[in-house]
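Quick look at what Swiss-Prot annotates:
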DOMAIN    31-121  domain 'PPIase FKBP-type'
MOD_RES   S43  phosphoserine
REPEAT    179-212  repeat 'TPR 1'
REPEAT    231-264  repeat 'TPR 2'
REPEAT    265-298  repeat 'TPR 3'
Amino acid sequence: MADLIARLREDGIQKRVIQEGRGELPEFQDGTKATFHFRTLHSDPEGSVIDDSRARGKPMELIIGKKFKLPVWETIVRTMREGETAQFLCDVKHTVLYPLVAKSLRNIAEGKDPLEGQRHCCGIAQMHEHSSLGHADLDALQQNPQPLIFHIEMLKVESPGTYQQDPWAMTDEEKAKAVPLIHQEGNRLYREGQVKEAAAKYYDAIACLKNLQMKEQPGSPDWIQLDLQITPLLLNYCQCKLVAQEYYEVLDHCSSILNKYDDNVKAYFKRGKAHAAVWNAQEAQADFAKVLELDPALAPVVSRELRALEARIRQKDEEDKARFRGIFSH
């Protein structure tokens, strides 16, 4: 261990062990998954915190050998055992890219699209993107790079093949092979009533396909083929959101499908249900009418939805009348 710390020091990294770990130092061969909490601090006397994974409620997961954008994290993680807590003071040469990495991690923590920022955009938008990271502290750090302290608490180290790999860590070939399996897992979870977990699986499968689609020319046969795989997954995701009563997300996604495929019966039906739930009666009726036009066999189901909508509207009208009577009776 002394030799390891000496080599780190030669490379501009000073390690200080706060709590010893347990067992032997893992081999950390390529594909090993390290799960840890991290805290990033300024190296000045105040040592103010820049980022803290505990505050976000989810630890960091790093796959060794996947060329993470902040190589120093892979370097320091390789020196740690499970249960160990340590601080690493890293020279500027190791921390220059931290602001960009931190922005991505913050986006993920806020539940934003993991592909956000990777899509094509106009030159002006790209110029703005490069000039600002959207966080004042990260902008300041990018303009004035400095040594940083990484406080790492190693929770778990898993060897290759002993864990389910996250989509973002997969190669293109691995993504393509994983999508059907993730889709099946989502279906199983939905059947068992685990709707939130099913939605997460569908989301992962969509993210895999979107990532592959970004590498194709829009409108090309390969791009269209991937889009046709995305659509049923997105409809399943919308079904989960209907159950979770997140209706506006359903409206958004179903509309995006119908902008491309205006004969998709399931998208009209789910959007109609979402419109009905948020009292957009005319829009709901129009979508249900389109369902009947495209598939008359669904008449019994559509009739049931329309009756339910009419009953809710009558009930709401009666409640509104009672409320107004109460107001004017005072």
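Even glycines carry a Cβ here, placed using N, Cα and C.
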Go ahead and report the DSSP secondary structure tallies for the repeat 'TPR 2' (231-264): helix first, then strand, then coil.
27 helix, 0 strand, 7 coil
I need to check the long-range neighbours of the repeat 'TPR 3' (265-298): which residues 6 or more away from its ends have a CB within less than 8 Å of a CB in the stretch?
235, 238-239, 242, 245, 247-248, 250-251, 254-255, 257-258, 305-306, 308-309, 312-313, 316
All chains considered, the count of other Cβ atoms within 10 Å of the Cβ of S43 (phosphoserine) is 15
Reading the DSSP string in three states, the entry for S43 (phosphoserine) is coil
As a quick check of your reading of DSSP, tell me how many residues in the repeat 'TPR 1' (179-212) are helical, how many are strand and how many are coil.
31 helix, 0 strand, 3 coil
Summary of DSSP states over the domain 'PPIase FKBP-type' (31-121), given as helix, strand and coil counts:
27 helix, 24 strand, 40 coil
Looking at the repeat 'TPR 2' (231-264) alone, can you tell me the average pLDDT?
97
